[in-house]
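Let me begin by presenting the structure, written as structure tokens, before commenting on it.
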Amino acid sequence: MTCHTMAERLIQASWQRRAKAMTAAAGLAGQAAVPLLLCALLAPSGAYVLDDSEGLGREFDGIGAVSGGGATSRLLVNYPEPYRSEILDYLFKPNFGASLHILKVEIGGDGQTTDGTEPSHMHYALDENYFRGYEWWLMKEAKKRNPNITLIGLPWSFPGWLGKGFNWPYVNLQLTAYYIVTWIVGSKHYHDLDIDYIGIWNERAFDINYIKVLRRMLNHQGLQHVKIIASDNLWEPISASMLLDPELLKVIDVIGAHYPGTLTVKDARLTKKKLWSSEDFSTVNGDMGAGCWGRILNQNYVNGYMTSTIAWNLVASYYQQLPYGRCGLMTAQEPWSGHYVVEAPIWVSAHTTQFTQPGWYYLKTVGHLERGGSYVALTDGLGNLTVIVETMSYKHSKCIRPLLPYFNVSHQFATFDLKGSFSQIQELQVWYTKLGKPSERFLFKQLDSLWLLDSGGSFTLELQEDELFTLTTLTSGRKGSFPPPPKSQRFPSVYEDNFNIDYPFFSEAPNFADQTGVFEYYVNMEDPGDHRFTLRQVLNQRPITWAADAFNTISVIGDYSWSNLTIKCDVYIETPEKGGVFIAGRVNKGGILIRSARGIFFWIFANGTYRVTGDLAGWIIYSLGHADVTAKKWYTLTLTLNGRFSSGKLNGKTLWKNISVNFPENGWAAIGTHSFEFAQFDNFRVEASH
């Protein structure tokens, strides 16, 4: 295109975006000067054709997010209304916020899976309960808002009984397949949820025979519609295995890779299967995270032919000091105040999700911009077109992994030519995001629409770095909003829970975040007295782990900055001779690091002893001695931490005092057991002075 015709087209297209000096100067200058002036302004520029006349690219499968892996939505369930519903609207409501197409959830397996444990529907071999945890509730809330949302289930850990003494889920393939199928059947039977895809074992080994057994069992149960995704790890060795095994190739519907860095491998493409980035993002949700998300949503397809990208995680609803704090699309970690933050990745998602749907197709004409950045285009095959352009800079779009090779993005003009069936499009809606300095920042702002009547189906964008444009024929886009939520507040400094709840809606008590083991509301049928309703640790064997679960069970709660506090709790050891329980303060680690947690731990044991340790594992012993304790009896423990000194009471009488503790200086409160054993807790109370 000559400079002269480009200038003419620009003027004709009357590009109204941000009254730039360019249009002002063009309007004022004499006619002869216009093309020359614009030419000077327009260099450098690139021209890009958007065309469907040679056919279409791959089918688009949607953008989504993961709840779980693990316990990432833990605090969300305890939000008061209307804030909980508002958060869910920002995530799932079509044409409102992130408008997600896919929700992927952890199939709870009782083990620590990053930020906590999620309960299994089968803690023990003959046990089935489809009302534990919160993933079914979350899937129902998502479906309520978007009946077409795609649902995926994936296990991280498995209950211990499946391993028959081994830390391995493939000891009995039929049994593990049965366990997974019951979860799918239970989702339908108890919650009317149709699971669309099922995974194998998150980021761990796959077993070829297990995948085949699972497919046969799904079919036998009439679940032919449930598709298999594998292996939620790297592209290899699953892709090569599929090419070498025709039956395996047949039973796997989607190859899902994690953190692919926008790249795929030859074997994966040779399978001719759908390729997904089935877990990605994992980055703190500020502007860097938003830039990462904006870049990979485009480039996972441009570079890697991936037709779905799924973020870990959906919403950062877990204590921020746990691993990967605030790595959700938005933040909702204060149910006690109702405060939440609609972070930039929500609006970056909207640039794609609000203007596409699974079942649309990418055009073949997608690619990189000459001066950095990328563009994709999708169509519904009915005349609609959506173009998404991103210019995320290297500096502002690094994801947590993998390492990002250096690239350059600079100021440029990009001219797009609509060809084929799109040449008749007369108007495009324009949505715009600019990340960076607050003074220049825009999130999902609708600009004046682009008129293409006289431009021969051509338009030009001026692009700076860290921008996102969506140009679309759809007029349904909307930046949803609610009145601001309550202001952020600290966790209450006086907190108590007596667990007296007849029919709990959720199986876990509010704000307790299980880090090893599972703590559930429990009704003591034989205790008509003060301890009829308790919180019980319900695992009696170690799960098939995904991470390094502790050898003790533990649930943390409260404000990580707590230093001086008194924790009081009634405890009940169920295991004679060997059993033991603890309460603790200043617990400084959780999630996948739970084994190395330090703090001040006050233990009592059924063999009539007590201990005070400086760590969960019990290596650092501050004090030990005799205590009048036995199993099957209630005791009240009190732990007081004040500056460098600590003291403990048993049933109101001082058992030990003035023990010097220098480290850590602060952390959560906690309860737990000596091993994977049944034990109960009641009348939990914390009084903290920070």
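In case you wondered, yes, glycine gets a Cβ from its N, Cα and C as well.
Taken together, the residues of the domain 'Glycosyl hydrolase family 59 catalytic' (60-354) have an average pLDDT of 98. Taken from TrEMBL, the feature domain 'Glycosyl hydrolase family 59 catalytic' applies to 60-354.
Take the CB of Glu203 (active site, proton donor/acceptor) and look out to 10 A: across all protein chains shown you find 15 other CB atoms. Marked as active site, proton donor/acceptor by TrEMBL: Glu203.
Taken from TrEMBL, the feature active site, nucleophile covers Glu279. The C-beta environment of Glu279 (active site, nucleophile), restricted to residues of the same chain at least 6 apart in sequence and closer than 8 Å, consists of Val66, Gly69, Asn202, Asp232, Gly256, His258, Tyr259, Ile310, Ala311, Trp312.
The annotation domain 'Glycosyl hydrolase family 59 central' is assigned in TrEMBL to 362-477.
The domain 'Glycosyl hydrolase family 59 C-terminal lectin' annotation in TrEMBL covers 514-688.
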Which numbers of helix, strand and coil residues does DSSP report for the domain 'Glycosyl hydrolase family 59 central' (362-477)?
8 helix, 53 strand, 55 coil
